[in-house]
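Notes for the one structure printed next.
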Amino acid sequence: WEFNGSFYQPSAFLMMGIPGLEALHPWISIPFCALYLSALLGNCVILFIIRRTPSLHEPMYYFLCMLALTDLGLALCTLPTTLGLFWFGVRRIAFDACLTQMYFIHILSFIESSVLLAMAFDRFMAISHPLRHPAILTRSTVLKIGLAIVLRGMLSLLPIPFLLKRLTYCGRTELSHSFCFHPDIMNLACADIKVNVFYGMIILLSTVGTDFVFIVLSYILIIRTVVSLTTREECLKALNTCVSHICAVLVFFIPMIGLSMIHRFGKDVPPLVNTLVAYTYLIIPPALNPVIYSIKSTHIREALLRALCRKRG
């Protein structure tokens, strides 16, 4: 412990694996390895295919590249501590390292939410205003949107590590997960955390909450446009371009909302449920998104098959 007058701060935190199943951690690590491998390889393949295929150089796939990069970042943020704990029993993480990991996890989560909103806007423009779509979403516009998304996440979350460093901690150092999460660290403090709670709630609602509302609004407008189409085939074709994105939105937002609710209101929720929801939130989307887009996107699937055929040839 570091002592400075009446101010106490732990030198490290202790991470938690899956409560009650500690003896099975080496076996449990097998599906986690498969998910991480899927996330790393799948998103790298998506990036490679889009970069090497000129016909995919359009807004929809630029945003997909942003999503793949974000998913890679999320996987790499949690992989060292999660597998380190499961394989080698390494539970200790330094205080500053924990704050750094937490900062990047939250930044990347916010970025993913914003990218999903940008993809919803792209689908809305492509279906509702197809003639104006290329003129509005140019390459430079997409680049500016990406830069704005990154800056929004970085700046909105910049105060969080400093708000945690000002707190006094009482002696409890055990986290609820194998990674660092803002509510988890905050609840270990014995000081007044009202500022942290208020700021965290305001930032969550004004970023992720706003993104979700606008995504829903985009799909309401898309459905209104699709309903006005003359034939059933046109309706299905328009909706089919949105299926991958809808799946990505559900896979990301449902666990995130569940985890937020558990941390704020679920004090009586069993620790195992809390842990499983947290892993679902941070590991499942990066692993599933490349699979979803590879299955549903004909262009990506064809480009991938062409790349495999060239290698075999």
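Every residue gets a Cβ built from N, Cα and C, even glycine.
Just so you know, TrEMBL annotations are computer predictions that nobody has curated.
Annotated features in TrEMBL:
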{"type": "DOMAIN", "residues": "42-293", "note": "domain 'G-protein coupled receptors family 1 profile'"}
{"type": "TRANSMEM", "residues": "24-49", "note": "transmembrane segment"}
{"type": "TRANSMEM", "residues": "61-90", "note": "transmembrane segment"}
{"type": "TRANSMEM", "residues": "102-121", "note": "transmembrane segment"}
{"type": "TRANSMEM", "residues": "142-164", "note": "transmembrane segment"}
{"type": "TRANSMEM", "residues": "197-222", "note": "transmembrane segment"}
{"type": "TRANSMEM", "residues": "243-264", "note": "transmembrane segment"}
{"type": "TRANSMEM", "residues": "276-295", "note": "transmembrane segment"}
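Tallying C-beta pairs under 8 angstroms between the transmembrane segment (61-90) and each of 24-49, 102-121, 142-164 places 24-49 first. Proximity of the transmembrane segment (102-121) to the transmembrane segment (24-49) is not established, fewer than 3 Cβ-Cβ distances being under 8 Å for residue pairs spaced 6 or more apart. Here the transmembrane segment (197-222) has long-range neighbours at 109-110, 113-114, 116-117, 120-121, 123-124, 127-128, 152-153, 156-157, 159-160, 163, 182-183, 186, 238, 242, 246, 249, 253, 256, 260, meaning same-chain residues at least 6 beyond its ends whose C-beta is under 8 angstroms from one of its own.
The domain 'G-protein coupled receptors family 1 profile' (42-293) scores a mean pLDDT of 91 in the predicted structure.
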